[in-house]
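K.L.:
For reference, the structure I am asking about is given below.
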Amino acid sequence: MMEQPFKEALPILHQLEKQGHQAYFVGGSVRDYLLKRPIGDIDIATSALPREVQSIFKKTIPVGIEHGTVLVRYHNQSYEVTTFRIDGDYQDFRHPEQVEFVRDIQEDLARRDFTINAIAMDSQGNIIDPFNGMRDMKEKLLRTVLHADDRFQEDPLRMMRAVRFISQLGFHLDDHTKKAMKKHGFLLEKIAVERKAAELEKLLKGTHLQKSFQVIKDTGIHFYLPVFQQDSGLIDKCLEMMTDPVETFYEGIARLHFINTRHSVEEWIREWKLSNKIKNRSKQLARAYQCFKKRKLDNRCLYLLDLDMIPSFVSLINAFATDDSMKETEVKKRYDSLPIYSRKDLKVDGNQIRQWLPDKKPGPWINTVLTHVENKVLTGELKNDVEQIKEWVFRWNRQEGN
């Protein structure tokens, strides 16, 4: 019985077949279906040429037409439909210089990275598996299609994909594949950091994270990865301390920082060329965890977080502060009871404080006062009440504000 995502895409296959073309589901969706994992994007391979695909379907976008890929829009879903092809030389370690369209699905599957990704399924649910990917699944073996040397020289990112799949699936690495990774690991330096970072994120979220780090160490590819290449002992610390999957990428960066605080969050962000959003959230989470180590589950620590960061905060605590394990429901309940969630929630602002103390010139003291007020409201020393805060501000001014 086909899963629902395939059923929804079946009309694409039927329409191609109706016009005399072959068409198959391919790639990760078929792999995950066979492994009984959640199915992601549905990709389709066909004998139809790109222009033929465009003529058959009303809504298409030529997203990668030079490599045979057309995006077909159907019932508010997008499906990549790619012509069977064989690839020429990879001069940029990513894209083939030229492709040759072919009419045989087996030739198309032969260009793919790993046997578990080189499986196709037709519209009747029949499986085409010329490279024994299903056998490898049964044996939990990750193996390249045909010659590992060729696959990694074509696109060295496949080595990062290998350790990512190990983290996600818990497979072990085929001996020939491992040997080729040891041989060609240096080619990872040819790959854009952003592409490697996308694989690192998926790796850190995998349920077999420790197994993945062991393969990274065994193959030596960490010598060609940012930050790791500057600290030969870092991989061993990851093996020791990165045992559980992370909730979010920013949690992963915070964890990597706390494994060896000599490597700051800023360094991880800079070296892996991560976004400002990841940077800000990693720093936010790191500050909250440092506060927790000092004050435990204090309102002032929770105040540093946004609500959607609670799962990552709890995950970080449970990963490192084993004597203080927390439940997400417990922490969320505490968070929900905070008197304020940001400075905007205070009943007063900087303008009011200036009006209360008109003899003082505007300056950094206003921010100092607001910070004091925030902390006192969070600790319960003050209520979030205008009159109470005003009284405290006058008292502060008499004692410290001169």
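Glycine is no exception: its Cβ is also placed from the backbone N, Cα and C atoms.
Unlike curated records, TrEMBL annotations are generated automatically.
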K.L.:
According to TrEMBL, GLY28, ARG31, ASP155, ARG158, ARG161, ARG164 bind CTP; which of ARG51, ARG73, ARG112 is also listed for that site?
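P.N.:
TrEMBL lists GLY28, ARG31, ASP155, ARG158, ARG161, ARG164 binding CTP, and from ARG51, ARG73, ARG112 it also lists ARG112.
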K.L.:
Cα of ARG158 (ATP binding site) to Cα of ASP41 (Mg(2+) binding site): how many Å, rounded?
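P.N.:
Computed Cα spacing between ARG158 (ATP binding site) and ASP41 (Mg(2+) binding site) is 19 Å.
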K.L.:
For the binding-site residues ASP41, ASP43, which one has the sparsest Cβ surroundings, going by other Cβ atoms within 10 Å?
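P.N.:
Output over binding-site residues ASP41, ASP43: least Cβ neighbours within 10 Å is ASP41.
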K.L.:
Going by DSSP, give the three-state secondary structure for ASP155 (ATP binding site).
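P.N.:
Its secondary structure by DSSP: coil.
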K.L.:
So if I measure Cβ to Cβ from ARG164 (ATP binding site) and keep only same-chain residues at least 6 apart in sequence, which ones fall under 8 Å?
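P.N.:
GLU199, LYS202, LEU203, GLY206, SER212 - these are the non-local Cβ neighbours of ARG164 (ATP binding site), listed in sequence order.
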